[in-house]
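Asks: Pasting a structure here, questions to come.
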């Protein structure tokens, strides 16, 4: 099974680029930019990656992002992730970034997007890896601030395929952002949102019905509503599930309790992703390995999960078919 996982070409649809900031790069950038970080060494950082819920993770995640200042910093951050893609056979990736995390510190929107974009262009040139960029609004901030961020994104419409919604879920429902999502849709952006990770399944209904999204990030709480499960199945609405993240943030106590196999068996359109891999102990292959070792997943399940990620991506139908053919070739 592990050999199959490593062999298969994959797409990743739920990856926060700031969440791929490894401690080594964090220290290097902190030193270069003369930013104080509350850790004495790399081991100290790894020990701090011991989370009890989404918020305890976010506190550390935002502190880590402080070291990202220049365009080159965002290039290096993205490039290090691309090297992991090469290692894990990811041939298409759709990357989230959180502009508000950076603009709040005085780093310009242009600095962030240009650094990321340059690295992705090099990834295409050197490794043939295709990519899309999705800009996320921070849901703990106001809709008004989200509108400001949307305005900043407009000059970069050609570089950003969609908008999403992330950060602290509890108490920040999708309904808080109806108008800005409506405007984003009018501007031609594709729409996704984190929903049903920690908060209950009502947030998934809101994301579908009020924000009109075309992909749900996480969505594991959907299992608590038979009606919602049936709807997700009927619509083949993609769910970008992140197993390591769910365990690290205590959404499930352990991998054996994870519901990904149940969701898949029900007929939902499920994909596997790494979310914030530097913080959650593993990139995409490790997520696949962890679930395959702890759940009764078959080789066909793994192939389905991989194919779902291409089918649910924002690339052209022609490219999807090319990639699905490559999966079939790898299966042999």
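Every residue gets a Cβ built from N, Cα and C, even glycine.
Pasting the feature list from Swiss-Prot:
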BINDING   14, 16, 194, 275  Zn(2+) binding site
ACT_SITE  197  active site, proton donor
SITE      218  site 'Important for catalytic activity'
BINDING   276  substrate binding site
Asks: Checking the contact step here: among the recorded positions 14, 16, 197, which have a Cα within 10 Å of the Cα of residue 218 (site 'Important for catalytic activity')?
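Replies: Within 10 Å Cα-Cα: 14, 197.
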Asks: Hey, which of the binding-site residues 275, 276 is the loneliest by Cβ count within 10 Å?
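Replies: Fewest other Cβ atoms within 10 Å, among the binding-site residues 275, 276, is found for 276.
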Asks: What's the CA-CA gap between residue 197 (active site, proton donor) and residue 276 (substrate binding site) in angstrom, rounded?
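Replies: Rounded to the nearest whole number, the Cα-Cα distance is 14 Å.
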Asks: For residue 276 (substrate binding site), identify the closest of the binding-site residues 14, 16, 194, judging by Cα separation.
Replies: 16
Asks: Take the Cβ of residue 197 (active site, proton donor) and count every other Cβ within 10 Å, whichever protein chain it belongs to.
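Replies: For residue 197 (active site, proton donor), the count of other Cβ atoms within 10 Å is 24.
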Asks: Using a Cβ cut-off under 8 Å and a sequence separation of 6 or more, which residues in the same chain sit near residue 194 (Zn(2+) binding site)?
Replies: 139, 164, 165, 166, 169, 217, 218
Asks: Among all chains shown, work out which of the recorded positions 14, 16, 218 has the most CB atoms within 10 A of its CB.
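Replies: That would be 14, with the most Cβ atoms nearby.
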Asks: Neighbours of the Zn(2+) site 14, 16, 194, 275: Cβ within 8 Å of the Cβ centroid, same chain, sequence order.
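Replies: Same chain, not in 14, 16, 194, 275, Cβ within 8 Å: 15, 19, 96, 166, 217, 218, 240, 242, 245, 273, 276.
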Asks: Helix, strand or coil for residue 194 (Zn(2+) binding site)? Use DSSP.
Replies: strand
